Amino acid sequence: MMNFPKRYLIVILTFISTCVCYIERVGFSIAYTAAADAAGVNQSSKGTILSTFYYGYACSQVPGGWAAQKIGGRKVLLFSFVLWSSTCFWLKLDPNNVFILVVARLLVGVSQGFIFPSIHTVLAQWVPPHERSRSVSLTTSGMYLGAAMGMLFLPSLVKYNGPNSVFNAEAALGGMWSLLWFKYATDPPRSEHPKASAAGFGESLLPMRDQKLKVDNGGSAMKAAKIPWKRIVVNLPVWAIVVNNFTFHYALYVLMNWLPTYFELGLQLSLQEMGSSKMMPYLNMFIFSNIGGVVADHLITKRILSVTRTRKFLNTVGFMVASIALMALPIFRSSNGAIFCSSIALGFLALGRAGFAVNHMDIAPRYAGIVMGISNTAGTLAGIVGVDMTGKLLEAAKTTYSDLSSPESWRAVFFIPGLLCILSSFVFLLFSTGERIFD
């Protein structure tokens with residue numbers, strides 16, 4: 001352990017944290033879908049309960065960034081984990097008891113909303129710029145590995161032990177991670193990066209647009225510095241990140257919450273009988289997210305492309321390929337075809353994260369948690385709008401086409417995120433930059 005740099009341990013722990021969070025999210029949609037279908041709950045009501053999480057999640061993104069900045073990402077991350085794990089532990093799933101479900105999902109949403117801004121604050125403190133794409137990609141790829149594992153193991157857990165067993169399993173995982181983080185995570189000592197200013201690491205690697213401000217005595221300047229809210233909010237490169245975050249999460253959350261319903265009602269397949277193939281879309285995200293990070297760091301460190309061009313290149317390739325796959329999804333009527341299309345769509349969306357999702361740290365390393373909070377709020381609004389609207393679209397399609405097994409009834413569901421992908425990749429091409437804007 002002596003030669004193993006502490007920052008790698010921090011990155012691995014944040015990777016496991018996102019993994020566990022997404023096991024929880026996929027787990028809820030699997031357990032709730034099973035319980036709701038058994039109780040005869042309609043699609044529109046399902047959409048409402050599935051989207052409740054995102055209301056709580058949206059409320060706590062910016063406060064999460066602020067709290068991580070003021071109190072420290074390490075403490076905020078621990079608090080949020082303890083809060084959502086205990087909520088899962090106490091929850092008893094009854095699809096007819098809507099009030100309890102709504103309160104529980106709001107609480108889990110609020111506590112998980114602190115997680116990503118905290119992680120970005122922690123990583124901006126620990127990880128030097130030339131390792132950032134890789135570290136952020138690895139950490140966020142934990143989400144997809146978690147979703148893949150959830151898809152693989154949890155349907156069987158529901159089948160043999162009932163939907164409630166899922167929440168106990170999730171609470172146990174959350175509790176175990178909290179203990180690991182409590183034991184091993186620390187704030188970065190100044191000695192590990194003596195040249196670092198409060199901005200976090202190697203000044204020379206971050207080109208500046210505005211003049212460089214000298215930061216004396218490192219840490220205290222960080223505390224005294226006012227957060228430039230107005231400049232952040234009216235900044236076009238920030239908006240380019242925000243728009244792409246919205247689209248990425250619209251597509252991800254719609255697929256994550258409605259793919260189980262698409263397989264079961266759209267294609268008349270049982271999740272249990274689909275075996276390991278149903279985890280492929282998320283496994284693909286895990287692989288492509290890391291490919292994106294490694295490629296981005298390679299292009300930047302070898303000076304093949306500038307930071308700006310690297311971000312634009314990966315973002316555009318990712319989103320354009322994903323849009324084609326999303327629009328083609330309802331055409332395929334077999335489980336293999338649907339798995340293939342959703343895997344390509346989600347895989348390339350994850351590749352695109354090496355563009356927009358690391359860009360917070362390029363343009364505002366000191367305020368990475370706050371910019372992350374703002375753009376993640378937009379991503380969460382996408383969850384509220386997308387997940388809820390999909391339920392309503394399907395309820396309407398059911399009236400028109402009598403059931404949900406025809407491709408027409410699902411066309412709008414996948415077409416909307418496909419169009420958003422094209423739109424937002426143009427926004428990113430026009431307005432984003434890889435240069436540092438905020439000091």
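Yeah, the Cβs are placed from backbone N, Cα and C, and that goes for glycine too.
As annotated by TrEMBL, domain 'Major facilitator superfamily (MFS) profile' applies to 10-436.
Same-chain residues lying 6 or more positions outside the transmembrane segment (99-123) and placing a CB less than 8 Å from one of its CB atoms are 10-11, 14, 17-18, 21, 24-25, 28, 32, 49, 52-65, 67-69, 72-74, 76-77, 79-81, 83-84, 87-88, 91-93, 132, 135-136, 139, 185, 360-361, 368-370, 372-373, 376, 380. Here TrEMBL flags 99-123 (among others) as transmembrane segment.
Summarising the annotation, TrEMBL assigns transmembrane segment to 135-154 (among others).
Listed as Cβ neighbours of the transmembrane segment (232-259) (distance under 8 Å, sequence separation of 6 or more from its ends, same chain) are residues 25-26, 29, 50-51, 54, 147, 281, 315, 319, 322, 326, 342, 345-346, 349, 352-353, 355-357, 359-360, 363-364, 367, 370-371, 374-376, 378-383, 385-387, 390, 394, 413, 416-417, 420-421, 423-425, 427-428, 430-433, 437-438. Per TrEMBL, transmembrane segment is recorded for 232-259 (among others).
Counting same-chain residues at least six beyond the ends of the transmembrane segment (279-301), those with a Cβ under 8 angstroms from any Cβ of the stretch are 26, 130-138, 140-141, 143-145, 147-149, 151-152, 255, 259, 307, 310-311, 313-314, 318, 339, 342-355, 358. Annotated transmembrane segment per TrEMBL: 279-301 (among others), in sequence order.
The feature transmembrane segment is assigned by TrEMBL to 313-331 (among others). Listed by sequence, the residues of this chain that lie at least six past the ends of the transmembrane segment (313-331) yet keep a Cβ under 8 A from its Cβ atoms are 244, 247, 251, 266, 292, 295-296, 299, 305, 337-338, 341-342, 344-346, 348-356, 407-408, 410-411, 413-415, 417-419, 421-422, 424-425, 428-429, 432.
TrEMBL lists 337-356 (among others) with the feature transmembrane segment.
Taken from TrEMBL, the feature transmembrane segment covers 368-389 (among others).
Taken from TrEMBL, the feature transmembrane segment covers 409-431 (among others).
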*Please work out the mean pLDDT for the residues of the domain 'Major facilitator superfamily (MFS) profile' (10-436).*
86
